Amino acid sequence: MSALLDVRNVETFYGPIMAIAGVSLAVNAGQIVTVLGANGAGKSTLLKTISGAIDCRKGQVLFEDKEIQNRDPDVVAARGIGHVPEGRDVFPFMTVEENLLIGAYGRGDRDAVKRDFETVYQYFPDLKTKKHDRAGFLSGGQQQMLAIGRAFMGRPRLMLLDEPSLGLAPLLTQTIFQIIRRINGEQGVAVLLVEQNAHAALEVAEHGFIMEVGRIVMDAPSPELMASDDVKEFYLGQSSEGIRGERRWKKRKTWR
Amino acid sequence: METSDVIQLALIGISQGCGYALVAIGFVFIYRATEIINFAHGELMMLGAFMVLTFAQIWGLNFWLSACLGILSLGVFGYLLDAVVMRRIVGESQAIIFILTVAIALMLRSLAGIIWGWSPRSLDVPFMQDVQIGGIVLGMDRIAIILGTILLCALLYWFFSRTRTGLAIQASSQSQLAAYYSRIPVKRLISVVWAIAAMVAAVAGLMMAPVTQVDTGMSAFGIKAFAGAVVGGFGSIPGALLGCLLIGLAEPFLDFFFPAFKGVYAYIIMLVVLFIRPEGLIPQTFAKKV
Ligand SMILES: Nc1ncnc2c1ncn2[C@@H]1O[C@H](COP(=O)(O)OP(=O)(O)O)[C@@H](O)[C@H]1O
Ligand SMILES: [Mg+2]
């Protein structure tokens, strides 16, 4: 069986700067896969390349066996990919309800859309009580819920989540990750989850990729990654940023 | 100065302000969707008036039909202006975009002069007769501008807050990328915004025609509308409406009492407001809708 999403050897540039250099990865239908990496590793760029927000210079992105690289993002979204961007990016001046309605833009099945509103409110009861509030006034956690709900309203078969735990308290992160897992299990939506929070991500994901300066340097099933010394040291460890950065530099050679 | 004079001047001022406001909200729409400041917007208004004049007086069609055709033709023109020209310069520097819109303005003005001539023409409209209320004679053309503006604003408000396309345009203006991710065809909708803005400018041109006449100088209206939008807080629709009404209303009185600076008060007001309150009267952040 071929993968739902198949990224093959993709290279993406910002002007002359190569942000991702020959990345390949696959996500199967119904699977949760995570990409871990430090700030600036190229995780967001990878997701943007998949969803068509940035063109790649080389390589292919296949979704359900069809090439989607370098299409406009609205076209890619219509194919069944829902991108939950970094930093939530909700429509701040619109109400929660309007944000969700926009998420369902391009869908003709009105009755199903109505049911999906209820589904989203079930997953995120906070959103229901705030449905007439402007999204800009929500807390960070609620905005993250709204961004996920908005993507869900498009009924994607694959969700791209860009650091949903960013800036959230551990408890809230846990809640949101549990719901990601529920959406995956109950709705059959595959998830490509990009994270710096390796603990939380490896707990929900089946498989993990580790990205460093634009390359995938390691990939394995989550339990294996959690047990790996390198991952323990650099991604699950308690060490401070500075020490981590130095050590990574030394250790990187062993991975390549 | 008698009460009736005050009422007359106020009516002139408010209607003038409404005209500015229609032009101003057009370029605020464009600015919010694309961050382009379209210095050719006054020219679109002028073009709208010329188109209606062409249909009504050169082709001899019924006035209302001509009005509709004129407005629609500007809609098509605005759409194409974006789809063919502006869309290609996405991502260029503000300076390049500025120069391009100014160049378009100059070209449109010359083109209009070549096609319709450089001398003013008058457009006969069915709402020319004056009405008398309590001994005060009021110009129907002026009243029509005010009523037309109120109607059009209500229609636009309904469109942007109640229709699917309107909401999608709002979303695209608030976050283009998130709108794209929501399957919104952002590029096409931006062209639709240009079409709407051009049509609103055409309505302004059509309604101002009886009081200003139709000529290439009409496009200068755009600069005063710009001043009004700056006074209100650039980027805000309520701000643009308020700023334009303020300038429109102040102009005739200032011209009357201090004729020395006749015609430049719009800019003086803009400078004063920029000195006292550089963010404008109603800054964008407080204007939530549309
Ligand atoms: N808009 C941009 N212009 C130029 N360089 C960028 C841009 N966005 C990201 N980069 C660079 O590309 C690299 C990858 O960035 P990004 O994909 O955002 O990483 P991550 O999401 O893993 O933190 C970084 O070195 C970053 O500086
Ligand atoms: Mg990122």
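Yeah, the Cβs are placed from backbone N, Cα and C, and that goes for glycine too.
According to TrEMBL:
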type	residues	note
TRANSMEM	B:6-31	transmembrane segment
TRANSMEM	B:38-58	transmembrane segment
TRANSMEM	B:64-85	transmembrane segment
TRANSMEM	B:97-119	transmembrane segment
TRANSMEM	B:139-160	transmembrane segment
TRANSMEM	B:189-209	transmembrane segment
TRANSMEM	B:221-249	transmembrane segment
TRANSMEM	B:256-276	transmembrane segment
Interface-richest range of B:6-31, B:38-58, B:64-85, B:97-119, B:221-249 toward the transmembrane segment (B:189-209), CB pairs under 8 Å: B:64-85
Intrachain residues whose Cβ lies under 8 Å of the transmembrane segment (B:64-85), provided they are six or more past its termini: 44, 47-49, 51-56, 100, 104, 126, 190-199, 201-203, 206
Folded-back contacts onto the transmembrane segment (B:6-31), same chain, C-beta under 8 angstroms, at least six residues removed: 37-38, 41-42, 44-45, 136-139, 142-143, 145-146, 148-149, 152-153, 156, 193-194, 196-198, 200-201, 203-204, 207-208, 211, 221-222, 224-226, 228-229, 232, 234-237, 240-241, 243-253, 256
